[in-house]
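Visitor: Have a look at the structure that comes next, please.
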Amino acid sequence: MEPLKVDVVHFYPRENAQPHNTVKFEAVNDENPTTTIVRRGQPFNGVVRFTRPYDENEDLIQLVFSLGDKPQQDTMGSMFLKRDAVPDKYSWTAKLVDVQENTLSFEVSTPVNLPIGCWALRVVTRLKSTPVREIYDFDQDLYILFNPWNPDDQTYMEDSTLLEEYVMNDVGKVWVGPIKTTRGKPWFYGQFDAVVLPACMFMLDRAEIPFHQRGDPVKMSRVISRIVNSNDDAGVLIGRWDGQYEDGTAPSEWTGSVDILAQYLETQQEVPYGQCWVFAGVVTTVCRALGIPSRVVSNLVSAHDANSSLTVDKYYTENMEELDYDPSNPGGADSIWNYHVWNDVWMARPDLPPGYGGWQAIDATPQETSSGMYQCGPAPLEAIKQGVIGVSYDVEFMLASVNADLMRWRRDPDAENGFSMVDTNNYHIGRMVLTKKPYVFDPLGDEDREDITAQYKHREGTASERLALMNGVRYSERAKRYYAVAANLSNDVNFKLRELETVPIGKPFRVTIDIENTSETEGRNIKAALSATSVFYNGVKSDVVKKVEGKLFVGPGKNEQVSILVQAEDYLPKLVEYCNMKISAMAIVDETKQSWADDDDFQILKPNISIKFNEDLVIDQPSTIVLSFVNPLDRPLTGCEFRLTSSGIAGRTFRVAAADVPPKETLTTELPVQPNKLGKINFVATFKSTELKDINGAATAEVYEG
């Protein structure tokens with residue numbers, strides 16, 4: 001009698017996907033799926049057929065699962081098929097469920113802390129009486145992922161309905177733009193697309209994270225924050241912020257993550273170009289694909305604290321002209337981004353004292369190194385909120401991002417360290433932290449916006465908020481020195497920079513400073529400067545659009561104002577990328593040397609793309625989509641192109657060139673599509689032209705049976 005020879009092994013990809021919450025993955029929905037996707041710590045079923053009937057008294061069958069090319073104890077599971085196998089949450093078991101002559105049904109249970117990835121299976125058979133073995137290698141993909149539905153998994157989310165959003169939703173919104181005009185940019189995550197899991201495996205291998213660490217979401221999310229940028233190890237995206245993207249795809253043109261991951265997997269080269277929301281969109285796709293609950297977070301008015309002082313410092317000359325560098329830290333100046341986008345991931349933190357589980361911040365945008373590499377987090381939101389800096393990882397950097405104080409310094413030969421403090425009032429950091437609200441998708445409005453500022457910081461100006469920041473300051477020597485200088489000047493002039501209402505592109509706007517002299521007896525001579533500058537969203541200046549400087553006298557108890565009117569022809573030639581403008585105001589009082597400065601950011605508003613359907617969408621039937629928007633400029637648009645992405649149409653992403661658009665006219669483009677999924681499907685579109693870029697739109701449609 002020979003040992004059993006395997007004829008076929010089959011894992012019922014579709015049937016297993018149902019209880020494992022993996023049914024949305026494209027790979028298990030093929031005609032004859034060859035990929036099995038399950039979650040750890042939960043049994044799944046398989047069947048093996050041999051070339052002769054199974055003899056229970058003679059035959060031994062061993063299943064050997066392995067991960068990686070050099071399996072060790074943690075990356076290997078070996079067990080005999082037994083009728084009386086008892087599952088246990090920390091070990092592998094294989095239970096024989098049914099025998100039909102030469103066909104055996106079995107159930108495999110995996111450990112809840114199993115490293116995740118694409119596992120290999122070898123079936124080893126022999127007879128009890130002889131050592132001769134037969135070996136069969138299963139040649140299909142078997143993915144085992146994190147299991148946030150399982151109470152024993154480190155990624156477990158108690159309110160499992162939230163997993164519909166944070167693991168299963170393949171479309172979302174990223175809030176971008178300055179505080180007053182922030183808007184949700186639709187983003188297609190597409191984590192169930194057939195290229196995503198293979199791309200994730202390729203990324204993890206390139207990051208060289210050891211296989212035995214791939215079951216720990218803390219280590220995994222830190223590695224993901226490093227490998228989504230290309231800085232250290234040829235990761236996914238090259239960051240670029242200078243407006244020069246001709247040799248790649250401009251960050252504003254992407255509609256979602258799948259095209260980026262597909263290009264990375266296919267070329268095995270870094271993909272040009274990304275900015276913060278692109279990095280964050282890809283991180284969410286990767287985390288949701290692997291089963292780590294994740295959301296994209298936008299911090300409006302975000303600090304980049306280059307010198308760990310928990311302050312953001314701006315320097316001015318004696319005459320209150322802004323210096324573009326930090327005299328005390330020539331290596332890197334602090335900066336303020338109009339907004340910055342990163343991710344939260346959900347997990348328990350057994351590596352930390354109790355109380356720090358739940359949402360953790362990670363940031364894949366390469367800003368500062370952490371342990372020598374461009375990676376950031378996971379930083380527990382609870383530690384950021386309470387200012388507990390000693391907790392891993394990178395809490396200090398994240399605390400500054402949402403809660404640093406903006407400090408302004410004027411060169412002053414009489415001051416001890418050569419600088420005196422400048423009065424500043426309303427420019428807060430971390431004005432608002434936003435994410436997409438679960439279960440809602442509002443393609444054109446803001447119904448799906450959720451304000452999570454309170455999860456990151458105590459309310460601005462409350463005692464708890466100051467205490468959390470000072471708690472951070474207490475742990476940092478450098479920050480202590482800064483805060484010791486806090487100003488005690490006698491200021492009797494009030495300055496206020498008026499907030500701008502919204503400015504549609506092509507319309508003029510006015511900027512005004514109100515000045516009030518509160519002294520009852522003395523007049524004040526004031527030198528004031530006011531400028532409007534176009535800026536990149538990371539705070540880097542591009543071009544001064546208009547500037548006014550002047551001296552004025554404000555009598556005792558009197559009010560005056562300084563203002564400039566900026567016309568469309570002043571700013572249109574100087575706009576960059578996302579049409580962000582910075583208003584900067586400075587003033588100095590001759591008699592008292594009181595100095596003041598303030599800034600305001602705003603964005604010139606652009607139209608959205610309207611997405612309409614000529615008829616009901618019917619599965620597998622050709623249909624037409626109509627994309628349109630109005631050219632808001634008084635000049636033609638040339639070099640026009642739309643990009644449209646949806647998970648529910650054959651072909652996934654379309655790029656379509658459009659004709660030139662005369663001034664103020666409507667551009668309309670029709671696109672043939674064929675829906676291939678039933679139910680609700682989402683569309684995300686972007687538009688670019690030589691004169692106008694970063695136009696977005698989204699829509700949701702129902703696909704019906706034929």
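All residue numbers here begin at 1 and follow the chain in the order shown.
Placement of Cβ uses the backbone N, Cα and C atoms for every residue, glycine included.
Just so it is clear, the model here is predicted, and its values are computed rather than measured.
Positions annotated as domain 'Transglutaminase-like' by TrEMBL: 268-366. Taken from TrEMBL, the feature active site covers Cys276, His340, Asp363. What TrEMBL lists as Ca(2+) binding site is Asn403, Asp405, Glu460, Glu465.
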Visitor: Below 8 Å Cβ to Cβ and six or more residues apart, same chain only. Which residues does that give for Glu460 (Ca(2+) binding site)?
Guide: His428
Visitor: Do you know offhand how many angstrom separate Cys276 (active site) and His340 (active site) by C-alpha?
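Guide: Computed Cα spacing between Cys276 (active site) and His340 (active site) is 6 Å.
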Visitor: Across the domain 'Transglutaminase-like' (268-366), what does the pLDDT come to on average, as a whole number?
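Guide: In the predicted model, the domain 'Transglutaminase-like' (268-366) has a mean pLDDT of 90.
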Visitor: Considering only the recorded positions His340, Asn403, Asp405, Glu465, which residue has the minimal Cα-Cα separation from Asp363 (active site)?
Guide: His340
Visitor: Using Cβ-Cβ distances, find the residues under 8 Å from His340 (active site) that belong to the same chain and are at least 6 apart in sequence, listing them in sequence order.
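Guide: Counting only residues 6 or more apart in sequence, the Cβ neighbours of His340 (active site) under 8 Å are Cys276, Ser298, Asn299, Ser302, His304, Thr365, Ser401, Asn538.
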Visitor: For the recorded Ca(2+) site, enumerate neighbouring residues of the same chain (Cβ within 8 Å of the Cβ centroid of Asn403, Asp405, Glu460, Glu465, site residues themselves excluded), in sequence order.
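Guide: The surrounding set, listed in chain order, is Ala404, His428, Ile429, Gly430, Lys457, His458, Gly461, Arg466, Ala468, Leu469.
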Visitor: Taking the Cβ of Asn403 (Ca(2+) binding site) as reference, which residues of that chain separated by at least 6 in sequence fall under 8 Å from it?
Guide: Ile384, Gly387, Ile429, Gly430, Tyr456, Lys457, Glu465, Ala468, Leu469
Visitor: Just to confirm: which same-chain residues, 6+ apart in sequence, have a Cβ under 8 Å from the Cβ of Asp405 (Ca(2+) binding site)?
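Guide: Looking at Cβ-Cβ distances below 8 Å from Asp405 (Ca(2+) binding site), excluding near sequence neighbours, one finds Leu310, Thr311, Val312, Ile429, Leu469.
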Visitor: CB neighbours of Asp363 (active site) within 10 A?
Guide: 30
Visitor: Count the residues of the domain 'Transglutaminase-like' (268-366) that DSSP assigns to helix (H, G, I), to strand (E, B) and to coil, and report the three numbers in that order.
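Guide: For the domain 'Transglutaminase-like' (268-366), the helix, strand and coil counts are 15 helix, 41 strand, 43 coil.
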Visitor: Can you count the other CB atoms that lie within 10 A of the CB of Cys276 (active site)?
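Guide: So the number of other Cβ atoms within 10 Å of Cys276 (active site) is 27.
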Visitor: So for Glu465 (Ca(2+) binding site), how many other CB atoms are inside 10 Å of its CB?
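Guide: By my count, 17.
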